Amino acid sequence: MWEPICLTLAATAGNNIGKVLQKKGTVILPPLSLKLKVVKAYAFNKAWIIGFLMDIFGALLMLRALSLAPVSVIQPVSGCGLAILCIFSHFYLKEVMNAIDWVGIVLAGVGTIGVGVGGEEQKASSIDIFHLPWLVVIIAILFVLLNTWLRICKRQRREQELMQSDVVEEIIFGLESGILFGMASVISKMGFVLLEQGFSQMLVPVCLLISICCSGTGFVYQTRGLKHGRAIVVSTCAAVASIVTGVLAGMFALGEQLPSAPAARLLLLLGWVCIIFGVILLVSSRRLIQHLPRPLRRLVRSSTDRSNNLRRSSSLRTRESNPSAVIHATTLHHLLTTTTAKEKA
């Protein structure tokens, strides 16, 4: 069980870090198009191409992990990608993290260990064909209810002439995107399970194609939510809905069961809970700080400021130890002084 968990961690790290590197590379790049000049600019941008390859490699590793372990194990562990991204951003991008961020990372790590230990005794998946239509019907009904609720909220907002999105709309967009992300993993796993049960090999690429469509539609819903609402609400709901959907749909449609041993079952459940709470803390840490009691708020902010000051001082020491930086700063100061003197004259 530890092999697919390690593959999942590597996959989700590649996906998340790859997207950060791509974002960093696009800062100096034009909007992506099929023009030869633009394609060359993207292909020769080191940060973007490394991020793109990491993203693709992460997707391949995720498929491999899904072929080896139940979705109810893989999908919760994939939520730890946010923790890995925070650590990467802290040490590579020099972003400052507060105490709640570190608590979320620790919870995600502990939850991963719990899922790994508790998931050892899970039985292999076995698809019940009669459950698949019910799963499709349940998801369809759920989306009809969510979209109906969304339309009611938008109508009320227009009647009240409110410009800002309501929190309910943000939650709905997050839930819809998370459900689709979770279903994408379930459908991918379904292809491998059907192959193991003796069905045609053509079902594997068909399931992967449907999974890609689900992921793409999920990104559309998530983008709509991020455009019109707050990222903290949309991202939290999407992450939690993705984990819960993967676990429940995997048990219902793929026949995945909890371990028979009470201790293993408890560890698996605690692992799920720790990962979910860890993701929530990582996404909403800055908002949670505002609701802490004043003494705790001061303690958290003072530690964050202290870390920020240390990073600034280390950056200054690096500049001072770099002769070219000193010469450049001296030359710039001389030019500014000369320009100012000429203006006064």
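Every residue number used here counts from 1 along the chain in the order it is shown.
Here the Cβ of each residue, glycine as well, is placed from N, Cα and C on the backbone.
Source: prediction; values computed, not measured.
Annotated transmembrane segment per TrEMBL: 47-67 (among others), in sequence order. For the transmembrane segment (47-67), the residues of the chain that approach it from at least six positions outside its boundaries are 4-5, 7-8, 10-15, 17-26, 29, 74, 78, 185, 188-189, 192, 208, judged by C-beta separation under 8 angstroms.
Residues or ranges marked as transmembrane segment by TrEMBL: 73-93 (among others).
If one looks beyond the transmembrane segment (100-119) by at least 6 residues along the same chain, the residues whose Cβ comes under 8 Å of a Cβ in the stretch are 1-2, 5, 9, 69-70, 72-73, 76-77, 79-80, 82-83, 86-87, 259, 264-282, 285, 288-289, 300. The transmembrane segment annotation in TrEMBL covers 100-119 (among others).
Beyond its flanks by at least six residues, the transmembrane segment (131-150) meets 168-169, 172-173, 175-176, 179, 183, 249, 252-253, 255 of its own chain at Cβ-Cβ distances under 8 Å. Annotation source TrEMBL lists transmembrane segment at 131-150 (among others).
Under the heading transmembrane segment, TrEMBL lists 171-195 (among others). Listed by sequence, the residues of this chain that lie at least six past the ends of the transmembrane segment (171-195) yet keep a Cβ under 8 A from its Cβ atoms are 62-63, 66-67, 70-71, 74-75, 78, 125-127, 139, 142-143, 146-147, 149-150, 153, 201, 203-208, 210-212, 214-215, 217-219, 221-222, 224-225, 228-229, 233-246, 249-250, 253-254.
For 201-221 (among others), the entry in TrEMBL reads transmembrane segment. If you look at the transmembrane segment (201-221), the same-chain residues 6 or more away from its ends with a CB under 8 A from one of its CBs are 63, 173, 176-181, 183-185, 187-188, 190-192, 194-195, 238.
The transmembrane segment annotation in TrEMBL covers 233-254 (among others). Within its own chain, the transmembrane segment (233-254) is flanked in space by residues 70-72, 74-76, 78-79, 82, 125-128, 131-132, 134-135, 167, 170-171, 173-175, 177-179, 181-183, 185-186, 189-190, 193, 218, 222, 225-226, 272, 275-276, 279-280, 283-284, which lie at least six positions past its ends and keep a Cβ under 8 Å from the stretch.
Tertiary neighbourhood of the transmembrane segment (266-289): same-chain residues 76-77, 79-80, 82-83, 86, 98, 100-101, 103-119, 122, 232, 235-236, 239-240, 243-244, 247, 258-259, 297, 300-301, selected by CB-CB distance under 8 Å and a gap of 6+ residues from either end. Residues annotated as transmembrane segment in TrEMBL: 266-289 (among others).
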